[in-house]
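Features as listed in TrEMBL:
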- 35-62: transmembrane segment (TRANSMEM)
- 96-117: transmembrane segment (TRANSMEM)
- 124-152: transmembrane segment (TRANSMEM)
- 164-184: transmembrane segment (TRANSMEM)
- 214-234: transmembrane segment (TRANSMEM)
- 214-285: domain 'Potassium channel' (DOMAIN)
- 262-286: transmembrane segment (TRANSMEM)
- 418-441: transmembrane segment (TRANSMEM)
- 429-502: domain 'Potassium channel' (DOMAIN)
- 447-467: transmembrane segment (TRANSMEM)
- 479-498: transmembrane segment (TRANSMEM)
- 539-590: region 'Disordered' (REGION)
- 544-560: compositional bias 'Basic and acidic residues' (COMPBIAS)
């Protein structure tokens, strides 16, 4: 039977426009993607900002844009909050009607973005419409604000812009920001960096729905408080925001029984919505960082390790910049005996310096040269100096496994540090920049200094809310709504990261201090000296063991211990430590029993939390069960042809420790694949037995007949049972051949 040609996965073509500068990809393909932030984060951020922009735009519509201040705007001790005591000036119609259209366009822009997420409208149609509608909303608001500032501005000092005007300014900025982000997303698409369809996972869908629900609840609650307490809608939105964030400045509070009763339900549901949004934002940020930033760091560490790895002597000499090994053929041509050629090969290193291997680190101590060196020799010497401390010796497969575990552990600590650093950076940015803005906005009424603003922002962002300082200006309150809706979740994320890093470090330090002081731990001094050999030598103690769970460090070796090695073969193979299975060295039936038991055990490990992490010995057992069916695979049933993985390198790109799933999930998939191969092989063996039985029937002239008595157990027929392929002593002289897996059509009558 002819071999099947493996078919590759379909790859969608890229349609180029404009001389190749514009590359349009299909709705979905398997091509590599770039600009991951633009393709993944930007649409979700825009979908989150959209509803908030609409809420701000609603405030600008229902609130007058100008106010008349009491006492002609002169602040005094009796009228400290002059903006709160002001009354509105009716807005002209040319300001109200465009504002209505701005809100409509804002809702349409968000609607088309959601339709693109749900694939109701194509990307190439929905995103341009979202950009156009949001730009129209922003443009309308900017034009109205400009006309207001030119033709009907408030007359100072008795008049001022209201919260409605500043809400309009912030809404227009939000619309422009959303449009700009979607433009960046479309630029990435036109450059061919990603396809049209935006794949939403469950967390992203939840984030969009929860964000919309939160802002709907916030805006609706503000309307209810406006009706029950007589607040303006702008003040009601500010009060609702301060309440849901649990800040509680005390400058606004419900006075009526109906308002206080509504507060019960409003606050409980609002806090639930806020917690869900913060949780979804945290997962979204963690998924983005895990998919790109964390994986990129781990990949960099892995590539750096692979670049330093040495597996044989020839590669070791090449990496160190040492002379190459003189081959036996070259030595024979030069008239050297086998022993002399080996001495020349070893002496070439001893003449240049001394090679030491301590643990996995390879160090070359270069000797001093007495004779003058040429420029080429000097360059070679400089190259050796740069490389001699950068090599890593991995003799065995377990060494590669341990190195990958070290990379995982280092990446885990780096991930925690990176997340904590980003949270701290965001916290200090919102704290210091927000304080600067509040100092400017509250200068006219409250005369805040920068330190006062820092104090207020710190109290607000940590939801302490003493109430001694609170924004009172018409621009300060809208800015607080925008600033706090982002700053307070940042603090929540910061606390979570601190609990995973700082708090854990403090706990470890506390336990260590207790082990050395009031609650001494048995064997801690011995374990400490084993981990720190330099300190052990200072104390004159000899290391006798290692810390539990760690391998003993290999003794120091020099060049003389390479004499029995083939420079072309890896060190692990030279020492005969390969654990790779060989065909015929295992009992299939016994391994099949172990395979079923292992599948049951790993399936149980799937429920472990945190996910199960297996030792090298456990991985070695699983590897044996995965590979034993691959060595005797049938024709047309090769694992590679079926997309099944049976071979890997622990520090390679195909390492199981780099998979996107847990170790238990990966192992269970491979074990099930191995079980499938074994079952297919057993089924085909059964077909082969039937085939050879039919061959015997034809050759014995008993076509279509079966002797079910003594002839079925006769020696001539025993071969089909004993050997499985119908071989018997009675058919000597027949040229038997092993079946090759695919038998073709069996013989019939």
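Just so you know, glycine gets a Cβ as well, placed from its N, Cα and C.
What you are looking at is a predicted structure, and each value in this text was computed from that prediction instead of being measured.
When pLDDT values are averaged over the domain 'Potassium channel' (429-502), the model yields 89.
When Cβ distances are compared across the two stretches, the transmembrane segment (96-117) makes contact with the transmembrane segment (164-184), since 3 or more pairs at least 6 residues apart fall below 8 angstroms. Secondary structure counts, DSSP: the domain 'Potassium channel' (214-285) has 57 helix, 0 strand, 15 coil. Taking DSSP states H, G and I as helix and E and B as strand, the domain 'Potassium channel' (429-502) has 51 helix, 0 strand, 23 coil.
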